Amino acid sequence: MKPTTLANLSQLKKEKRKFATITAYDASFAHLFAEQGINVILIGDSLGMTVQGHDSTLPVTVEDISYHTRSVRTGAPLAFLVADMPFMSYATPEQSFENAAALMRAGANMVKIEGGDWLCDTVKMLTERAVPVCGHLGLTPQSVNVLGGYKVQGRSDDAAQKLLNDAIALEKAGMQLLVLECIPVELAKRVTDALEIPVIGIGAGNMTDGQILVMHDALGITAKPPKFAKDFLKETGNIRDAIRLYIEQVESGAYPDQAHSFN
Ligand code: KIV
């Protein structure tokens, strides 16, 4: 078995083969997910809600993500790990160098940052300094106070065009992976088709190259799950089969269906 790389993900996009990814925060789940065939794991700042019990991701620190990244790396030594840069840890390119370095030292293969074309300089500078960057557009939870809640984004023509322009600008700046969260299916398809890099959706329909779910949503643990979330444990009765079903349904395009998407 070899470690998963960005080149593997690009190849999947070229071959139009969809792939499933998931969040994990500890070694045991990371190990189980990798064992079932998950090759890309996000140490998301969603841990602020799922693990720490806050009502947003804002209280999460670089130390928190580093700690959980080290744990996940121990459980899944060959997985491609994307570590979230928490709120305000990349407000300036200089801050982002130090904080990204901490996450890479903890075992990440890539860092993820939320936002549009204002991040182009940061993406360019991080990439030049050997830190691969994943973007995150659409519903960006760190901006919940600006967005006025966890709402579907990119519904108007102007908002959709802005999101597409941001994605193209970030790719030009060096972004190598993109997460699209809570946007209409049609817009997610436009962005996925426009970019050469792999695009991963969450609440963005089944036309993206890959999917991601917060593990607590996929296993029915979240008290009030979002519309796009599906409880794979309910159908299968055990965690290993639940993850295998998630992977199968992503790869076949069966998940997310209309009922778990926004039009
Ligand atoms: O923090 C997280 O888990 C995320 C996913 C929702 C993509 O950013």
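Glycine residues also receive a Cβ, built from the backbone N, Cα and C atoms like all the rest.
Site annotation for 3-methyl-2-oxobutanoate in TrEMBL covers Asp45, Ser46, Asp84, and the matching candidate from Lys18, Lys112 is Lys112. Neighbours of Ser46 (3-methyl-2-oxobutanoate binding site), defined as other CB atoms within 10 A of its CB across all chains, total 21. Nearest to Glu181 (active site, proton acceptor) in space, judged by Cα atoms and limited to the binding-site residues Asp45, Ser46, Asp84, Lys112, Glu114, is Glu114. Residue pairs drawn from Asp45, Ser46, Asp84, Lys112, the listed 3-methyl-2-oxobutanoate binders, are separated by up to 12 Å at the Cα level. Filtering Asp45, Ser46, Asp84, Glu114 by Cβ distance to ligand 1 (under 6 A) retains the following binding-site residues: Asp45, Ser46, Asp84. Taking CA atoms as the reference points, Asp84 (3-methyl-2-oxobutanoate binding site) and Glu114 (Mg(2+) binding site) are 9 Å apart.
Glu114 (Mg(2+) binding site) sits 13 Å from Ser46 (3-methyl-2-oxobutanoate binding site), taking the C-alpha atoms as the reference points.
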